[in-house]
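K.L.:
Sharing the record's features from Swiss-Prot:
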BINDING   H96, D98, H159  Fe cation binding site
BINDING   R169  2-oxoglutarate binding site
DOMAIN    78-178  domain 'Fe2OG dioxygenase'
Amino acid sequence: MLITIPDLLTPEEVAYMRQILEGTAWVDGRSTAGDQAGKVKRNLQVPVDSPEARELGNIVLRALGRSPVYSSAALPAHILPPMFNRYDEGMTFGAHVDGSIRVVPGTGQRIRTDVSTTVFLTPPEDYDGGELVMHDTYGQHSVKLPAGHAVVYPATSLHSVTPVTRGSRWASFFWAQSMVRDDWRRHMLYDLDMSIMRIRSMLPDDDPAVTGITAHYHNMIRHWAET
């Protein structure tokens with residue numbers, strides 16, 4: 001399940017974040033990659049323990065908190081602190097799967113990575129290449145979104161970032177442990193929740209059709225969720 005969230009960040013938030021990132025230090029992105037991913041990863045990242053990463057990460061987390069689409073798609077139990085990367089000319093990230101377990105910086109707490117998210121911080125017209133590509137049994141799916149838009153996808157996905165051939169592509173990325181670890185179940189729950197929203201736009205909340213399907217949704221959550 002691949003879901004895009006338009007305008008997760010406001011234009012003002014994007015502008016502020018880019019201003020801060022312009023003046024921050026960047027390090028080799030391979031410092032946070034595993035052995036296999038490190039062999040195909042060529043990008044730069046903001047150190048996860050830097051003041052800039054913490055400040056900007058909190059902006060992203062607040063944006064997630066006001067996004068019902070993210071909540072419905074990810075059903076997050078825990079969200080790892082958002083990170084920030086950049087791909088300059090010639091930089092790329094070959095096909096890989098994200099590590100299944102990550103440690104929350106400074107705590108030692110281990111989080112299962114069920115859901116991945118990328119938030120684009122650079123307008124697509126400012127760079128060539130840099131598409132996020134999902135590889136699955138149905139082929140390849142490229143994602144290149146406006147600044148402030150986000151894409152949410154299963155962390156189990158084989159994916160890559162194509163080489164940047166002009167400009168620089170900046171983004172925030174992070175993972176969540178979902179209350180529902182199985183992607184197919186999350187997909188069904190998301191589709192059902194979107195149907196509920198559409199029905200509620202046409203019928204009053206006390207209509208039996210609305211209360212019935214809403215009860216069904218919450219009972220499925222109750223059956224599948226881990227907290």
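Glycine is no exception: its Cβ is also placed from the backbone N, Cα and C atoms.
A description of the local structural setting of each listed feature is requested, covering burial, neighbours and distances.
P.N.:
Other Cβ atoms within 10 Å of the Cβ of D98 (Fe cation binding site) number 18 in total over all chains.
Take the CB of R169 (2-oxoglutarate binding site) and look out to 10 A: across all protein chains shown you find 28 other CB atoms.
Residues in the domain 'Fe2OG dioxygenase' (78-178) partition by DSSP class (helix H, G, I; strand E, B; coil) as 3 helix, 55 strand, 43 coil.
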K.L.:
If one measures from the C-alpha of H96 (Fe cation binding site) to the C-alpha of R169 (2-oxoglutarate binding site), what distance in angstrom results, rounded to a whole number?
P.N.:
19
K.L.:
Average the per-residue pLDDT over the domain 'Fe2OG dioxygenase' (78-178) and send me the rounded value.
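P.N.:
Its mean pLDDT is 96.
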